[in-house]
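For reference, the structure discussed in these notes is given below.
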Amino acid sequence: MTPDGDTAAGTVDEEPRFSTWTGTARGWMLRRLPPDKLLPEDQPSYVASWIYVFGMGAIAALVYIIVSGCILALNGPAWYHVSGLGHFINSTHLWSVELFFMFMVIHLWGKYWMAAWRGGRVLTWITGVIAFVVSIVTAFTGYLLQTNFDSQWIAFQAKDALNAVGVGAWFNVTNLGQILMWHITLLPLAVAGVVALHVVLVRMHGVVPPLDAAATDAQLQQDLPQRASVEGEHL
Amino acid sequence: MSKNTDPMSWRMRNDIAGRPWRGRAREYDLFKELTVGVMVVGLLVLGLSAVFSSPDDPSVTLKSWATAAPADFVATATAELGGTSKTAGYGPPYNATPDASQKLGPIDLQSFSGVRIPIDTANDFVISPLQSLPSSPSAVSDWKAGTDKQHVDWAAAYTDALSKAPDNDPAKVGPGDYGPVPALTGTLLGMAQQGALDGVLQAKDSFYSTDYTRSTLFLGDGTYFPGLADTAHLTGDQWGMMNETGNYPGQSWLWLFSFVYQVQPIKSSPNADILVVSIMAVLTLLLTLVPFIPGLRSLPRRIPIHRLIWKDYYRRR
């Protein structure tokens, strides 16, 4: 067995060769996402607009959704009806969700007008849309768990659309236990997984350059990336 | 514009969009941005929560319904007995009522799942709960002894009489051939007003239950529960899908879903739900596949909002 990292002499690109599955996987990952791409210390000069803040804002809001959701989970879905602290935590859960969607929608529109799928970034776009759709379903199940008048009515109304497409028995909005499982296990796993994949893809491909960027542009007149102070908004 | 030269293409090519950036760079600190982002969003979340709190209107129970609107409760229980309620005629997954399912042309997805949550409204909502009483009323035996036609006739006659009574008050109904229906619905009303029906309908002879399907459907068959929703601007024709009780933003991201329900002929179609879900599925697919759709993917070039986003870059070209 060749130890990980052994370099086979005579290879054209002088990349390490691995004989184990683990080593091959590591090599594949390192080629696509080297540490300086995963955790960069610089960005292209064009990454200078407030629009870039909203993707990170959505992730920050997701952090609060998860934290407040964990506290609510520890106390059960009816806790917030009878506890002042519980009601406040419920409020933070609600408002972090509202901010999450607001940031995500601005981020989505921004990326659309930047045509951010260009240059092999199509999977980044697709995972972003999937994250948006899965988040909508997750938020919907949260509204069903309020165990109050609103959730009762949403369940009564929403059953028709789900029954009409034949999934009402497995996604039974009037079955609190079933919806609780969707909301606190299945769907958060899906959201976290898709968002993580989306972020990794962003780091792998980098931020899409401006439309009409040409090799004759002043900012492309250098062969190697180097830091330069750029006026304008900081991220 | 051919695939190979279209600057809006999603394809990985050896051009500026496809290659790693080789131009000027600016300092960037990912962890610092994340930290600042988490702090700013945290302040926003705490501030919004402290100022606006969150809505929590108490749920409706069968007890509160029977107490606040006894006439509606009795009329609904009568419809459940006669098989004329919305639930009784719903079709899958609750029952096999013919031609009740929604269809998209020849496609009937609603029937595809079959009757997965069987509900017999007369037995599940009225007779079985009454049988759970310590002394089951004799009207239950009378009902069971009746034929299907008698059941329908008794319930229809009583429904008609209730609708003609002053205030639809069961106590003011004139004499008629209603069989055991008045006794059954009257006893069920008393049971609900005491709070016994909520537990019985939900648990159905079991200690554990997290399933509120029967209680929710029974509530929804009346006019009291939808009336409360109407007052709270939550019904479908009030864009209720994206609304929340009180003055809260609710699920505003469902605006398009809610909008499609307001458009004719979908609005008045018996297949509205399957039509709306199908339209939304197609639109979601289009959004996902925007990079592959020539007209849609070219819009950002025709409407140059990117000039604003990258104004710094364009100024320094």
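Backbone N, Cα and C atoms are what each Cβ position is placed from, and that goes for glycine too.
All TrEMBL annotations are machine predictions without curation.
A mean pLDDT of 95 is what the model gives for the domain 'Cytochrome b/b6 N-terminal region profile' (A:25-211). The domain 'Cytochrome b/b6 N-terminal region profile' annotation in TrEMBL covers A:25-211.
Annotation source TrEMBL lists transmembrane segment at A:50-74 (among others).
Long-range Cβ contacts of the transmembrane segment (A:94-110) within its own chain (Cβ-Cβ under 8 Å, at least 6 residues beyond either end) map to 51-52, 54-55, 57-58, 61-62, 64-65, 68, 128-129, 131-132, 135, 139, 142. Per TrEMBL, transmembrane segment is recorded for A:94-110 (among others).
Here TrEMBL flags A:122-145 (among others) as transmembrane segment.
Residues 33, 38, 59, 62, 66, 69, 73, 77, 121, 123-124, 127-128, 130-131, 134-135, 137-138, 141-142, 144-145, 171 of the same chain, all 6+ positions outside the transmembrane segment (A:180-201), place their C-beta atoms under 8 angstroms from a C-beta of that stretch. According to TrEMBL, the transmembrane segment annotation covers A:180-201 (among others).
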